[in-house]
Amino acid sequence: MPSLPLLLRLWAASSYSFPVIQDGLQKNVKTVWKYLENYYNLGKNMQAKNVNGKEVMAEKLRQMQQLFGLKVTGNSDPETLRAMKKPRCGVPDVAPYAITHNNPRWTKTHLTYSILNYTPYLSKAVVEDAIARAFRVWSDVTPLTFQRVFEEEGDIVLSFHRGDHGDLYTFDGSKYHFAHAFLPGLGLGGNVHYDLDQKWTDNNEDFNLFYVTAHELGHSLGLSHSNDEEALMFPSYTWSNKDFVLNQDDINRIQALYGPSPNPIQLTDATLDPCNSGLTFDAIITYRGEVIFFKDRFYIRVISFLPEPLIDVIDLTWPNLPGKFDAAYEVSGVDELRFFKGSKVWAVQEQNVLEGFPMDIQSFFGFPSNVTNIDAAVCEEETGKTYFFVDHMYWRYDENTRSMDPGYPRLIAEDFPGIDYKVDDVIQKEDNFYFFHQSIQYRFNLKTRRIDDSSDINTWFNC
């Protein structure tokens, strides 16, 4: 059976009130009729003016009211009309379309995805991050794993289109139809299409790309709509700028298809309390404007537009990395991360360890044989020079020439006055290096070459 397209639409109701059907008033009955035709399988050949048509319409209204948790009257009463006016997903809510035939699901647990193109309203990094977070919504609670691929089409292809784009479901630039997806299967199966003309955002305005993608991927994995208004898969589109948590109803339904995660996340672990004043970290990095703190098997993300940090599991994002890193840093300008443990280095792009890694730090960077681990590392944005801190010394590496600068190692305290202790971690933000020692951070101004502030690490978490 071919995949049924799952259209995500907004149905804008008229600004004036709809008449009650039983009153026989016809002024706006076509709008109600169209809504029920789109989402409740109301027969296109039915006529609202016929007695049978009125009865069928009333029955469809009762179905809609029951799903939305409204008073079941069969009338287009004000509460029902308000629900109809809300932005919503265009996937039909009743059989035969919403109850997918034989519960289509993927027959494998490792799925790939590819991003074909981008919206002009967000940077590539923000788009990629939103999509990756949307996939993690589902991988966190199932055995499913998702990996982005670049050289070929993934099992799930995400793309932005304008107008007629070849799947019979034309975008028109209006807010009534801004994305659609397809059920699991071959060909278009699982794919997600976005309207290129819409304003996609990472906040509460217009359409939040993360939230829409997470909802659409629920359909791509085989889910229909939920009658739990707090669920991600509830028909109405709502988003608030807060730390997203998947509803238990969504978890139960996706696990009915694929089973639970073999490594369930325990977010109550004491190590995950960001406001613990004594909390220390294995490694700290900047990445695409975020600050990421690694601790045991978890990491904490600080994102400027979110009021609270996000907590995730390292293995779910980077499954091929070792746990408990010694150090890590972002290579400026190339969208690459490097992680260190012992005398090994792993180079990573997206979720993938690059070919040939891990490598010995001696052969890759040119460290002497007596350097067997790295305490901290940071790549200076303006110069492309990476600073490696080991005990009381530091080395400087040129990322452009891929060689150590002559004259190193040097004493940390000599070139960074006031930093006279072991450096646990270091990052750069604007014109400052932030040096971390135990649970304290020191802000070192690169222009004045002085420490100008110190504070607890948990100030990053709005504690």
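Residue numbers in this text run from 1 along the chain shown.
Note that Cβ sites are derived from N, Cα and C of the backbone, with glycine treated the same way.
Source: prediction; values computed, not measured.
Within ASP195, ASP202, the residue that Swiss-Prot lists together with ASP172, GLY173 for binding Ca(2+) 3 is ASP195. When the ranges 87-94, 263-270, 335-342 are checked against Swiss-Prot, the one recorded as motif 'Cysteine switch' is 87-94. What Swiss-Prot records as N-linked glycosylation site, among ASN117, ASN370, is residue ASN370. Here HIS180 (Zn(2+) 1 binding site) is positioned 7 angstrom away from GLU216 (active site), judged by their C-alpha atoms. Under the three-state DSSP scheme, ASP155 (Ca(2+) 2 binding site) falls in the coil class.
Across the residues of the motif 'Cysteine switch' (87-94), the predicted structure has a mean pLDDT of 69.
If you compare Cα positions, ASP155 (Ca(2+) 2 binding site) sits closest to HIS219 out of the binding-site residues HIS215, HIS219, HIS225, ASP424. In the shown protein chains, 26 other C-beta atoms lie within 10 A of the C-beta of ASP195 (Ca(2+) 3 binding site). Apart from ASP282, ASP375, ASP424, the residues listed for Ca(2+) 4, the same chain places the Cβ atoms of PHE281, ALA283, ASP326, ALA327, ALA376, VAL423, ASP425, PHE436 within 8 Å of the centroid of those Cβ atoms. Secondary structure of the repeat 'Hemopexin 4' (420-463) per DSSP, as helix, strand and coil residue counts: 5 helix, 24 strand, 15 coil.
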